[in-house]
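Database features (Swiss-Prot):
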type	residues	note
BINDING	Ser195, Glu214, Arg216, Arg222, 240-243, Glu595, 604-605, 607-612	FAD binding site
CROSSLNK	Lys287	SUMO cross-link
CROSSLNK	Lys693	SUMO cross-link
CROSSLNK	Lys770	SUMO cross-link
DOMAIN	76-177	domain 'SWIRM'
REGION	1-23	region 'Disordered'
Amino acid sequence: MVSFSAPKKRRRGRSQRSMSSLNSLPVPNVGLLPGNSNFVSSSASSSGRFNVEVVNGSNQTVKSYPGIGDEIITINKEATTEALLALTAGFPADSLTEEEIEFGVVPIVGGIEQVNYILIRNHIISKWRENISSWVTKEMFLNSIPKHCSSLLDSAYNYLVTHGYINFGIAQAIKDKFPAQSSKSSVIIVGAGLSGLAAARQLMRFGFKVTVLEGRKRPGGRVYTKKMEANRVGAAADLGGSVLTGTLGNPLGIIARQLGSSLYKVRDKCPLYRVDGKPVDPDVDIKVEVAFNQLLDKASKLRQLMGDVSMDVSLGAALETFRQVSGNDVATEEMGLFNWHLANLEYANAGLVSKLSLAFWDQDDPYDMGGDHCFLPGGNGRLVQALAENVPILYEKTVQTIRYGSNGVKVTAGNQVYEGDMVLCTVPLGVLKNGSIKFVPELPQRKLDCIKRLGFGLLNKVAMLFPYVFWSTDLDTFGHLTEDPNYRGEFFLFYSYAPVAGGALLIALVAGEAAHKFETMPPTDAVTRVLHILRGIYEPQGINVPDPLQTVCTRWGGDPFSLGSYSNVAVGASGDDYDILAESVGDGRLFFAGEATTRRYPATMHGAFVTGLREAANMAQSAKARGIRKRIDRNPSRNAHSCAILLADLFRDPDLEFGSFCIIFSRRNPDPKSPAILRVTLSEPRKRNEDPKADQHSNKILFQQLQSHFNQQQQIQVYTLLTRQQALDLREVRGGDEKRLYYLCETLGVKLVGRKGLGVGADSVIASIKAERTGRKLPSSSTSGTKSG
């Protein structure tokens, strides 16, 4: 495995959590584009080590299946490059993701089949990345993939296409794949932000009928590029999401390439200025930055010592405690610098350090996109407009109620009710926290709890269009210190967009507590304060600071369609809460997407985008399972035989197996109450024990039901429905099969029956599990797995 460090959010400006071990490797095709040394390729491949590791531990039996192969295949000589390219796309270099395991891409996790699948997967990704404006077909790989691995090719290709890792975006070849008419279920998407647009395009390509309801008069959500213009001077100002944080594998970088646009690298140079406008002494700057990072290191060690208790402690409390202990006589300038770094941290997390979880505030660091931080020339609105093209969006439709049930969904917006088979909710976490949308029935308590636990912070901006650039053109950012720690985030950082906006555009950021106070500050007062800072910096240098031609002050906290900026892990929360928020509800009727539903990429534009692709795949899978169930329900007698075949196939790779017991259940639904199917295999007749004490443990009910079968058959399989939690509890029963049978029938009170006795309820469960694992090529022969006694 290629290992990553877990760097902290320390970079000036929007934090760049660089992956040092990856960036130290050679990265081909990241050439500087002509015309400007700061413009870079929007996506690139990487090369590095690829270590193949076959899982074969003491608790796992690696199984080989006929027709798949018994040795590692060789596709080409670029396996190392392809592995690292897959790494930038979010895949482990030599193992499967949880999503792949749930999708059932290989017959068994571990072993030669998995290694070959990974090689094929990486090769397909690499092939598409060579020309991201093309549509890659499965037939393109028939000559390079050995025939005996055709099932793995099917599995890898289907997975990558369905989940949006290849063949996505706005290129013409991809647009051409949209069907002329929808032939599948109808889907309602609430919100036309990046996640909603990504899901809409993917679902439309799958053949679904899609309707997007957007409360605003525009698409994009928290990604908003405003055209500023005055006196024949214009500029494109990103008032919301503005920085592409990492370009290696970033799907939005791929969209930019499909648009034919290069990205502008944000330069690291960021000088700081004191309250009086004078530059901060470089030596003092370095000294305080080192000390600040040391405090973060101490806080990291502290949480390890505290364990779970650190969930209830804030990062701010830990930092302040260490600061007080480590320094007595702190100069005013040093204290101002320390507060500037706190403001920068609050900017990176859109939350006060006093509310960030010490335990998990940086839990997403290991998954950070590698590469530079970049601007898109012309603004990110270009991405939005391209993604919104030909998507049926109804604007100024504020959703009040979402009803979901077994018969479908109903979404109320104003006086109109929209009906569909499924609904995808992509509204920001702030809207969910506010209870702006009523869900009927109410959301599960675990989802309500995670909505409450997660933090949702605030970042505001002052965008200023000047008649000309008066600031230094050799930097893209500069910072300013404040005296009052309560206002440390007020205009603490300036971004120059002049190289990409089309005009002399400067944006001042307002973070932390200051961002909340800024919401009620009159715009004229805000602009006056900013100009006072700028003139204090530049006029002593003999540089005149002109009045801006146009200004815009954001109010994201007061926007009813966002009620904040982006999510963070607050005290009491964890990365698990992102996963819980992402869970579907109502047996595949209500789904959730958005930056607050990904634990890997929260608070990022690309995070929002990939969750839309993720949920499109989940919704398609759910619709497929529902279709299978309907066919079974319409003609149960005709489908009884096919369900028996499905059940036999599923039990060849059970989720749990111990003694004579095998259990299958959904791998996507972690709910302890979700259904599971148990199979008990009795291999020979059992003699009734005459000892009355022993008879108490011999499962009398089972024997009474099956005694006649024992006398006629050498082997019999009996079944029952139970919950996932009951299955897990049964596995923990000690004393062998007899004890488990007694626990099952006497303690749990379940009845073991033949296959036909399971009923149509079990048929529905079987169909759902089978549809969930579509793409898995099961062998025709039975194999034995790991067992415990």
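Yeah, the Cβs are placed from backbone N, Cα and C, and that goes for glycine too.
What Swiss-Prot annotates, mapped onto the structure for a quick look.
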residue : record           : contacts (Cβ under 8 Å, 6+ apart)
Ser195  : FAD binding site : Thr426, Ala593, Gly594, Glu595, Thr597, Ala608, Phe609, Thr611, Gly612, Glu615
Arg222  : FAD binding site : Gly193, Gly240, Gly241, Pro428, Trp556, Ser562, Ser565, Tyr566
Ser242  : FAD binding site : Phe375, Gly379, Asn380, Tyr495, Ile507
Lys287  : SUMO cross-link  : Glu334
Thr604  : FAD binding site : Gly241, Thr245, Met369, Tyr566, Glu595
Lys770  : SUMO cross-link  : Ala625, Ile628, Leu646, Asp649, Leu650
Quiz prompt | Secondary structure content, the domain 'SWIRM' (76-177) (per DSSP, counts of residues) | solution = 59 helix, 0 strand, 43 coil
Exercise. Please report the DSSP secondary structure of Lys770 (SUMO cross-link), reduced to three states.
Key: helix
Quiz item: Looking only at Cβ atoms, how many others are within 10 Å of the one on Thr611 (FAD binding site)?
Solution: 30
Quiz prompt | Cβ-Cβ neighbours of Ala608 (FAD binding site) (radius 10 Å) | solution = 32
